Structures are given as structure tokens and as C-alpha cells.
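Beneath this line is the structure, given in C-alpha cells, with notes to follow.
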Amino acid sequence: MITVFGSINLDLVAVVERLPLPGETAAGPDHQNFPGGKGANQALAARRAGADVAMTAAVGTDVFAAPALANLEAAGVDLSGVRRLDGATGIAMIGVEASGENLIIVASGVNARVSASWLKGKLPQGSLLLMQMETPAAEIRAAIAAAREAGATVILNTAPAGDPAVSELASLSDIVIANESEAMEIAAKLGLPGEPEAFVRTVAEGRLGSARLAVVTLGAKGVIAHDGTALYSVPTPKVRVVDTTGAGDAFCGAFAAALDRGDELGAALAFGVAAGSLACTANGAQGSAPDAAAIRQLAATLPISRSLLHANTAPEAENSLGKA
Ligand code: RIB
């Protein structure tokens, strides 16, 4: 089972020819609203990928709350941990250009008031707690402590970049999923190497606190990971990119779902990459979240490269962290 402690937003999306630079205006023909928020996107992706998922989060008392929750409800995510707080539901203002690249401005609303205390009784032993950086760092820290006490495994997706506490929170987690710039940011803070391969090795060697498995997502180049036994890489398949919003979230949710059901690490990475790639083929962060059958079909076509760290490593030690 996967518990997601994270953000819920409504995404207000405008398609523009070219994303604006600071001080510029970019005009598009109209806008569309989609459910979003990194927490909600990852919860939905994990659920569509076949996991039992519960979400602990907040929405406001405004008109954005219902549409923000619609997909999660329809997919059967357990929303008993989602509270309705007096105030505004989080929103994200998103520009998407022809290449599929995006620019996001988030107004956190009640996401800034979620509390780790709401997780009490909601973290079964052996379950996964999946978090991102769109909720307050102090609550993420408290949630990690709650997971430790309950015997749950913590997966931290370090997106979005920029929170000064991210290195510390990554070092308290079990599994860290970062993109290239987030890995650089974490490494720079701690005086560790930030280049993707060196970063995942460093984490696997135990030089990032309790974290033992690191995954760096490389966008169109795929993913790289290290679990202390072997270095894994999976390339991104060629797809027709429409909108990259939520691709990272689809990876995280599907990857977590694969770990939750006990997939071997290489297979879990391929499953995540396939989900992230399919998520780029339609508009919106959630509308494009693929189901397990579609993910499995694409994942089966992806080569998984695995190189051992030490030639004499016992095979039975492989992927121990992949079976969360
Ligand atoms: O990762 C994509 C998400 O980031 C969007 O859905 C938006 O809400 C922002 O939180």
C-alpha cells in the first residue's frame, strides 16, 4: 500500500507558442483547467498503475476543490485523509509551449497548512510513504519520523527544486528520486558529487544519511539508479510529446507502485519510465496518466542496463531496496 502525503492543485493551463522570459508576456488562445499538484498526480499515477493508494492532504473551501479531487475520486484513491480547510485550494498557473516544455507558478493555498499529525494510524507497517517538496519542510520531516515509527519506507521526490531543506530531507529518506538539477542542488549543499552517475553511487554508498537507493531522472535520456549492488539505467522510448507536465509525477507514482508490489529494481525503473513517457503524450498532468496495461506493454520494450558495482557481489543481495 502507498500513502501519498503531498499537494493537491488545480492547474490553469495556457498553451503558448513560446514560454515567456522574465518581464515578457506570452499570449495563448484560451486556457484549460486540469486537476494537478505533485502529490495528487503521483497518487493518481500509482493508483492507475495498480497500487492501493491513500492520500493525506488538504483542499480549500473554494470552487477549485471539487475539480482538483475529481480524478482521484474516480480512480478509487482513498481520500479519507484529505481535509477541507477554510481557505484556497492550491493552484498552478502553467504555460506549455509547442515543444511540450512548460513553466509553472504555484500558489500553495492550503497545501501550506497540511500536517504530518494527520498521518497517525495511516501508515501500515511495510507500506510506502511517497512525498514531494510542495508541502512544508517541517511537516515532511515529521512525516518521515512518523514513517520510521510505523515501519514504513520513505520515498522522497525532491521536486520542485529550491527548498533549502531538501538535502536534509533527502538524507533522512530511504529512497530519493531527483532530476538532474535537483541532484546537483542536493550534492552541492552536502559537498558530494552531483553528476547523475556519481550522485546515485554516492547515495548507494551511504553518504547521503539513511538514503540507500537513489534515482535520477534524465528527461528524454531516461533514468539512472543505484542500489548499492548495481548501477541501472533505462532509456526513454520515443513518443510524440504534447505536454511534459506531470511526466516526473507519472514516473514516481508508477515506480512506487512497482516497488510496492515487489518488482525487481530494473523492472520497476522501466515501468516508471514507460509511465512517464506515456504521460507526455496528452495534455494535463493527470489526464495523461496511463493504466497498468499500457505501461506494461511499453515497459516490455525498454532495455534495462545493469552493471555490477563489485564483480563478486552475491546475486541474492540484488535489489533488496527494490522490494519495499
Ligand atoms: O509536476 C506537475 C505539477 O506541478 C502540476 O500538476 C502543478 O500543479 C505543479 O504542482
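The backbone N, Cα and C atoms fix where each Cβ goes, and this holds for glycine too.
Feature list (source: TrEMBL):
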| type | residues | note |
| --- | --- | --- |
| DOMAIN | 2-291 | domain 'Carbohydrate kinase PfkB' |
| BINDING | Asn9, Leu10, Asp11, Gly37, Lys38, Gly39, Ala40, Asn41, Glu134, Asp249 | substrate binding site |
| BINDING | Asn179, Thr217, Leu218, Gly219, Ala220, Lys221, Gly222, Gly248, Asp249 | ATP binding site |
| BINDING | Asp243, Thr245, Ala279, Ala282, Gly284, Ser288 | K(+) binding site |
| ACT_SITE | Asp249 | active site, proton acceptor |
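Feature map: annotations from TrEMBL on the structure.
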{"residue": "Asn9", "record": "substrate binding site", "Cβ neighbours (10 Å)": "30"}
{"residue": "Asp11", "record": "substrate binding site", "Cβ neighbours (10 Å)": "28"}
{"residue": "Lys38", "record": "substrate binding site", "Cβ neighbours (10 Å)": "29"}
{"residue": "Ala220", "record": "ATP binding site", "Cβ neighbours (10 Å)": "12"}
{"residue": "Gly222", "record": "ATP binding site", "Cβ neighbours (10 Å)": "21"}
{"residue": "Asp243", "record": "K(+) binding site", "Cβ neighbours (10 Å)": "24"}
{"residue": "Thr245", "record": "K(+) binding site", "Cβ neighbours (10 Å)": "28"}
{"residue": "Ala279", "record": "K(+) binding site", "Cβ neighbours (10 Å)": "31"}
{"residue": "Gly284", "record": "K(+) binding site", "Cβ neighbours (10 Å)": "23"}
{"residue": "Ser288", "record": "K(+) binding site", "Cβ neighbours (10 Å)": "23"}
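Apart from Asn9, Leu10, Asp11, Gly37, Lys38, Gly39, Ala40, Asn41, Glu134, Asp249, the residues listed for substrate, the same chain places the Cβ atoms of Gly6, Ser7, Ile8, Pro35, Gly36, Gly90, Ala92, Gly246, Ala285 within 8 Å of the centroid of those Cβ atoms. Contact annotation for binding-site residues (Asp11, Gly284, Ser288) versus ligand 1: Asp11, each with CB under 6 Å from a ligand atom. Of all the binding-site residues given, namely Glu134, Asp249, the one with the smallest number of surrounding CB atoms inside 10 A is Glu134. Surrounding the centroid of the Cβ atoms of Asp243, Thr245, Ala279, Ala282, Gly284, Ser288, where the record places K(+), the chain contributes additional residues within 8 Å, namely Val242, Thr244, Gly246, Ala247, Cys280, Thr281, Asn283, Ala285, Gln286, Gly287. In the three-state DSSP scheme, Asn9 (substrate binding site) falls into the strand class.
Geometry remark: Asn179 (ATP binding site) versus Asn9 (substrate binding site), CA distance 21 Å.
In the three-state DSSP scheme, Asn179 (ATP binding site) falls into the strand class.
Within its own chain, Ala282 (K(+) binding site) has Val242, Asp243, Ser288 as residues 6 or more apart in sequence whose C-beta sits under 8 angstroms from its own.
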